[in-house]
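Taken verbatim from TrEMBL:
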- 37-85: domain 'NADH-Ubiquinone oxidoreductase (complex I) chain 5 N-terminal' (DOMAIN)
- 102-383: domain 'NADH:quinone oxidoreductase/Mrp antiporter transmembrane' (DOMAIN)
- 389-569: domain 'NADH dehydrogenase subunit 5 C-terminal' (DOMAIN)
- 7-25: transmembrane segment (TRANSMEM)
- 45-70: transmembrane segment (TRANSMEM)
- 82-101: transmembrane segment (TRANSMEM)
- 107-126: transmembrane segment (TRANSMEM)
- 177-201: transmembrane segment (TRANSMEM)
- 213-233: transmembrane segment (TRANSMEM)
- 239-261: transmembrane segment (TRANSMEM)
- 268-288: transmembrane segment (TRANSMEM)
- 294-314: transmembrane segment (TRANSMEM)
- 335-357: transmembrane segment (TRANSMEM)
- 416-438: transmembrane segment (TRANSMEM)
- 450-470: transmembrane segment (TRANSMEM)
Amino acid sequence: MCSISFVNLISMSLSCFLLSLYFLLNDMIYFIEWELVSLNSMSIVMTFLFDWMSLLFMSFVLMISSLVIFYSKEYMMNDNHINRFIMLVLMFVLSMMLLIISPNLISILLGWDGLGLVSYCLVIYFQNIKSYNAGMLTALSNRIGDVALLLSIAWMLNYGSWNYIFYLEIMQNEFEMLMIGSLVMLAAMTKSAQIPFSSWLPAAMAAPTPVSALVHSSTLVTAGVYLLIRFNIILSTSWLGQLMLLLSGLTMFMAGLGANFEFDLKKIIALSTLSQLGLMMSILSMGFLKLAMFHLLTHALFKALLFMCAGAIIHNMNNSQDIRLMGGLSIHMPLTSACFNVSNLALCGMPFLAGFYSKDMILEIVSISNVNMFSFFLYYFSTGLTVSYSFRLVYYSMTGDLNCGSLNMLNDESWIMLRGMMGLLIMSIIGGSMLNWLIFPFPYMICLPIYMKLLTLFVCIVGGLFGYLISLSNLFFLNKSLFMYNLSTFLGSMWFMPYMSTYGMIFYPLNYGQLVVKSFDQGWSEYFGGQHLYQKLSMYSKTLFLMHNNSLKIYLLLFVFWILILLILLFL
């Protein structure tokens, strides 16, 4: 099953890539209409949109999913139901394809809901209480976005069809279109885990690592960004873009801070994904959709590789994810460590790796754009934090001594997993420059003073030094103030967002419900109502029963009384 899926997906990926090149060179867009039902004058038509953007994104999704399925062959080897797992992944890929090539809100909803449902099934794949909680949080957070999409479909009834692409340009200043845009933005924020819906992404790390590599790095979470790329006209011409810029900038900042205080390997990478999603969303809200698309594609490559390396490490560490127990992995697992370091450097924006081309261009475009000081600070400080947590992760896991048990089976001989990682390693090295030549037909001439040009490099170096400092454990023992402890708790738990979106949402309704039950159902109203009536009636009937049983005279006297009353009533 794995091999067949791998071959099919990789061949589809290649064909989509070649097609996207053809479309890109000839500047072509194809609309394909497939008539499902034709009844008298009514016809139900399914529309597909093929342009360079959708084809390129599809080829990347298919390539990553093929390598992830190949990787799963060994990672999920001990699972008795591996075919079920592969089927779920393929259903996920199919939903993603439907989402990418739809210019129609109805068919987008089909793909969107498919993604939500399958991701829920994948998150709860390892069945335990933590997975169930994470799955419910994921599913319910994404339901908000699904409802927003349904409402936008209802608003689209004001126009002639649900093919939003035809109306965006003409109707961009109308109230209806603004309403649809804000609802679509809400849907994209839930799917791409922006503030205040951020807490589900780290929780979804309960899924198997191949799922994290495919779903929570390159595909599911970027669906929101992709949808907003299609709706970008509304963002750039209204106040929605400014709101989006603020929220995504804060998400980027919050995730970067949180990752520096986290000790779970997969959660660090999940928070790093959140930070990069904030970067994509913020540059998109400024109106640079090609840059957002460029970073989306390069990020998908190195983040999937980073998750795969994390999976290989977790496998060897006997399913332990705590980075404090790791150390010296570069000696025991050289090839995996090489892939891990390449993907980490690509994430930091190391020159000439995949992440450098997109991140550097985004930051330089921000420098020449008309943004305020706060947004500028968020962009650059978050970039520094990215380098900081990446270096901290490397210092904790790759250097020093191994901190887990003395009996370990660390080896680097999981060849199937390594082959899957090698494919993405090559793409993480050459992907950035390749996409840079493809997407931008002429090079951007960004003219900045030397100190602005070097600011990115300076921020990265300072971030790396900071990462080294916070990886030194003995610094933590010097500081015993309660304030620092509270601050690190606050920053490490994503500004208390997981608590706010779970206990915060459910505490007051449940509390109120308990009060209602206590005072109504099990309280005075019940005592004076149904229960009281029942008790009194049963008491009276018991008294009468007692009298009838124990005193024949009273019984007969009552009988006489009844007869007398009946006679009086009859003669009256």
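Glycine is treated like the rest: Cβ placed from N, Cα and C.
Ranked by number of Cβ pairs under 8 Å to the transmembrane segment (45-70), the listed stretches 82-101, 213-233, 294-314 are led by 82-101. By the Cβ criterion (distance under 8 Å, sequence gap of 6 or more), the transmembrane segment (82-101) is counted as touching the transmembrane segment (213-233), at least 3 such pairs being found. According to DSSP, the secondary structure content of the domain 'NADH-Ubiquinone oxidoreductase (complex I) chain 5 N-terminal' (37-85) in residues is 28 helix, 12 strand, 9 coil. Away from its own ends, the transmembrane segment (107-126) comes close to residues 46-47, 85, 88-89, 91-92, 94-100, 132, 134-135, 138-139, 142-143, 145-146, 149-150, 153, 187, 191, 204, 206-208, 211, 215, 219-220, 223, 227 of its chain (Cβ-Cβ under 8 Å, at least six residues beyond either end). Counting C-beta pairs under 8 angstroms (sequence separation of 6 or more), the transmembrane segment (416-438) fails to reach the transmembrane segment (268-288), with fewer than 3 such pairs. In this chain, the transmembrane segment (335-357) lies out of contact with the transmembrane segment (177-201); the count of Cβ pairs under 8 Å, excluding pairs fewer than 6 apart in sequence, is fewer than 3.
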